[in-house]
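Taken verbatim from Swiss-Prot:
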DOMAIN    1-436  domain 'UvrD-like helicase ATP-binding'
REGION    1-839  region 'DNA-binding and helicase activity, interacts with RecC'
BINDING   ALA18, SER19, ALA20, GLY21, THR22, GLY23, LYS24, THR25  ATP binding site
DOMAIN    459-746  domain 'UvrD-like helicase C-terminal'
REGION    883-1169  region 'Nuclease activity, interacts with RecD and RecA'
BINDING   HIS939, ASP1052, ASP1065  Mg(2+) binding site
ACT_SITE  ASP1065  active site, for nuclease activity
Amino acid sequence: MNKILEKIQNNTTILIEASAGTGKTHILENVVINLIKTKLYSINEILVLTFTKKATEEMHTRILKVIENAYSNSKTNEILKEAYEQSKKLFISTINKFALHALNNFQIETENYSKYKPKEKFSKEIDEIVYDFLRKSDSLIQALDIKDYELKVFKSDAKKTEEIVLKIKKAYERDTTQELGDWLKTQTAFENILLKKEELIKDYNKIIEDLDKMTKDEILSFYNKHIQTGKLEIEYSKENDIFKIAETLLKNKFFSTLIEKETKKNSKLSPKELKIKNDLICLGINIKHEKYKSEDNRNKNRNNLKQYVILKVEYKILKYIEKELKKTIKSTNTIDQNYIISNLKNYLKSEDKKLLNAIKNRYKIILIDEAQDLSLIQIEIFKILKTAGIKLIFIADPKQIIYSFRKADISFYNKEIKNKINTDARIVLKINHRSSKKLIGPLNKIFNNIYNNAIADEIEKIDFTNSLPNQKNDNNKIVINGQEIEGINIITTNTESEEDIYQKTALTIKYLLAYGKIAENNKIRNIKMQDIKVLCRGKNEINLIDKALKKEQIQTNKTQEKFLKTKEFSEIFYIIKCLDRKQSFKTLNYILSSKILNVPWNLQRILIKQDKICLIEEFIENIIVLLEKNEITLINAINKITFEKNLWIKIANITKDQKIIEWAKNKINYKGLLIKEGKLENLKTYETTLEIISKIYHKEQNIQSLISTLESLIINEEPEEIEEKINNINNDNESIELMTIHKSKGLGMNIVFLLNTTPIENSNFFSKKNQFYKFYQDGKIEYDFFKLEENKKYARLKILSEEKNIFYVGATRAKFALFIIKINSITSKLLEIAKIFTIDDIKHDFNIHEFIGQKRFNKKKYNTNVNTKLIPPKPIIKNMFKKEYTSSFSSLTAQAHHKEFYENYDFKNINYEKETELDYEPGLEETLPKGKDIGNILHAAMEEIIFSTAKDTFDNFKKNNIEIIEKQIQKINSNLNTIEIQNSLAKMIYNILTYNIRAINTRLCDIEELQKEMEFLIKINPEFQKQKYLFDKHFEDLHIKLSDGYLKGIVDLIFKANNKIYILDYKTNYLGKNKEDYNITNLENTIKKEYYDLQYKIYALGIKKILFKNKKEYNQKFGGIIYLFTRAFEDNIECLKSKFENGIYFNLPKFNDVDLDKIILELGIKRHL
């Protein structure tokens, strides 16, 4: 710390470079406290800036805590006392919030006496400006210096008005208007084409005239002199449109061949042919005829002249938007994030320097956290502040530049920050306090290869320095079933299927939760959901992994999108604006082209051309009147606008267009359209949004107040809060947290799954959505709005550089373990650059099943009783579930462990319950013979016998129930119908019903609420068979083959005791002649051998789906499972009452273990006794 303070005293600007995990926030806190303690600066003179609201709040809390602790430890220190008393005056803020604070709190200096109200972006204002421009384009284009033909070309690039608006909005949000303007100035060749277009049109038509003088055979011969002889349908005609001519020269095979190809050997052109060829080449050069390959590497012609005009008009519209927004800012004092920063810069640069001097007098030193993310305009602001004598401390990690969409760039950082700070004013932090030694070693090697071996311009280069581990983390690790795993693990599949890799990732998380433990600071505990974070490249990955995890019954923190951010809200909001008389139907064009009205583009054009928009306006006027008189609700008003069939039929008839008339007759409302398309989530959002808006309207009582309230709701959302909600994320300890890699920045996480399945060609600069290439060349950042092939390689390097940083940020969040999901994507490319296979201590094909061994039996658990109710389920309608679509537990065990049987049996048609094969000892005489018949007789009798009859003496019980027993013996096996067997069964059943079971402290005959032979069906996950091959190396013994269908089961008895629900199953297995043969050890061995532990989990799953809504209910209301081995109850039951109950096995499965896929997978593990 002394070294840092010394550098601060001796330099005007300091740079602290801190790699991930090296404690830059800790350093920043200590710098602040030491600046105060050493009297270098008072607390009022220090300004701390960062990027997000969340980081600001965390930093504020931590710094105040440090000040408080320092004061507590030295209360005699007057400086610390003063700092503690004034600690709330320490200004810690985001850069944008500080800029807004400066504009709003130095009003005399800025001469702006109204406070600005911030909002994230001018989305709706831009919509209105663009729609207004399109409506008034005829009168505006002259003022904007847009020619008629240029506007026509611009509009031709979109099918709908909505597309034009969206395109302009995206262009504004990219914030590259200045760059586009600068680029357009360099395109003088295209401007010259437009200036002499009439002359070029004449040249083209003259060529056509010359061709018309040739016969068809002569033209074909002319063509064949350039290629191998072939047939071609040659078509051309005169044109008066320079853009069509440019298109023709590109796409017409005849013309493009004559321009591009040389004549074949031994072929000689006639003077006439030579003239036409030369004229075409000259014309092609004059209109910049070029052929390019598109981003997807298919041959595709590009008409750059047309694209130039589109971009030219786009630029002029963007400048018009800027002008109109300035009016909006002036009239409403509402300002977006871009204008906040640009306004601050303009005031600081003003000649009077009033604002600059005011800030200088207030703050003497500024600490800027995450300085690598500064945009050029933000860097310029700090350079201006530096000129006023304010000291700057930049804290940065250039490897974490991941906000290119905020205009951060490594060249800005290197050129404008790092290279302008003296070497002796720089500090590099090296000790990683976050990650374990098992992670730091291989990560150093990975990023050394990625960064230090990269080919890049010096100004674009990022230097990687190895991190050093903190010894206190050396023994931190993840253990699965007693086996330690590597710090870095690669998850891959044998296929390149996205679905497979997501499913395998979800299953890995599932079993990590079931079998994994964390060892930290010599303590070991189970892995919890909050330990695991899944970091995704974007929203698409979040949606896919969320879907895969929920298939495995694992909850995530992904929530539904807030209604203010939905498309449904936007469209309803525009309709509401149409109901405001003051708006003068400004938003009508938008709603006409929106999906909520679904008006065909041809009809919109006819309405505009024939000036019939007034019909819709008149209709809405009538609705406004009804609304004002309270004769119609707001929802009904909106519904009338979106679906008034008579209105649309009337309008359609005016057009006399049969297709439009048919559309009007068959028009369905928005709800019907969503139902037809199966978009039920959108329907739910639409109805919820209507309900919320309706409630606000009911409170406000008029449309103007409603609009004002809704706009306030939008405006008052903090930019960072909106950004955090984009991925629909919230925190919950009972769920797996999913977030983007961008949102994970600055956080430490125990276990990280890193997901980026985006192919590199689909990334930012190569997508069709992005309108330009950005790259570094000749000492400066360049933009190419044509996206030319020759610039693609430079743009690729630029995007790859950012992807390296995103990968770095994601990988360095982990404390204990990192799981990298590898598929044919950017991640694969980066791992290749990292030379991953040359690095030790990395598990290259991580498979969770290598670590899953035999699972221990759960220990007996007792829970506090809570009130619950046993509700018998409705009977299963058996004909709904065909036999070929059901399986049983017995069929699963047969499939899993009897290969020969499996290979010769069609399990689609299985419908039997397997009985345990028992060794028979001929020398022993038993009253009740072994085999399945006795079991079936007992089960059938127990179903009919009324349990309460056992409260009486045995003789009376036998008298009341012997006929039932005799009937069942006769029915199942008449050879067993003897007096001895009847009496033995009666005695056994009586003993079972009158025995006080310790687990429930009651007798079965005393139970009042019970359900016998309860049937259940569990839906089989059809994806299981696919999941199996994801781990195929570990399934050699698993022969289960399940079709999409159901697993059926029948539970012998479900009952309520002590306010809990219990399951009881009768087992007639023969374990020996003596009662001691049914001790707990033998019972556990039998349970294990026969896989009964998996059977009772299936029973638990069956009733869980029927009786319990969630984990909380399961834990509170489920008492457990009792397996009652009936042969232990043949004689006197008094002998059972030993320290351990003979013949009774009890267990309470954990909620997470009651999972069908997990049970089936455990069946595949061969057990050894």
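Note: Cβ is positioned from N, Cα and C throughout, glycine not excepted.
What Swiss-Prot annotates, mapped onto the structure for a quick look.
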residue : record              : DSSP class
ALA18   : ATP binding site    : strand
GLY23   : ATP binding site    : coil
HIS939  : Mg(2+) binding site : helix
ASP1052 : Mg(2+) binding site : strand
Residues that sit under 8 angstroms from THR22 (ATP binding site) by C-beta distance, when 6+ apart in the chain: LEU429, LYS430, ILE431, ASN432, HIS433, SER467
Neighbouring C-beta atoms (10 Å sphere around the C-beta of GLY21 (ATP binding site)): 24
When distances run from the Cα of GLY23 (ATP binding site) to each of the binding-site residues HIS939, ASP1052, ASP1065, the nearest one: ASP1065
Confidence summary (mean pLDDT) of the domain 'UvrD-like helicase C-terminal' (459-746): 82
Chain-internal residues, separated by at least six, CB under 8 A from ALA20 (ATP binding site): ASP397, LYS399, GLN400, ASN432, ARG434, SER467, TYR808, VAL809, THR812, ARG813
Nonlocal residues around ASP1052 (Mg(2+) binding site), in sequence order (Cβ under 8 Å, 6 or more apart): HIS939, MET942, LYS1012, GLU1013, LEU1064, ASP1065, TYR1066
Protein Cβ atoms within 10 Å of LYS24 (ATP binding site), excluding its own: 20
Cβ-Cβ distance under 8 Å to THR25 (ATP binding site), same chain, at least six residues away: GLU58, MET59, ARG62, ASP369, GLY746
Output field, Mg(2+) shell: CB within 8 Å of site CB centroid, site HIS939, ASP1052, ASP1065 dropped: MET942, GLU1013, ILE1050, VAL1051, LEU1053, LEU1064, TYR1066, LYS1067
CB-centroid shell, 8 A cutoff, ATP site ALA18, SER19, ALA20, GLY21, THR22, GLY23, LYS24, THR25, site residues removed: ILE27, ASP397, LEU429, ASN432, HIS433, ARG434
Helix, strand or coil at ASP1065 (Mg(2+) binding site) [DSSP, three-state]: strand
For SER19 (ATP binding site), nearby residues of its own chain (Cβ under 8 Å, 6 or more apart in sequence): ASP397, LYS399, LEU429, LYS430, ASN432, THR465, SER467, THR812
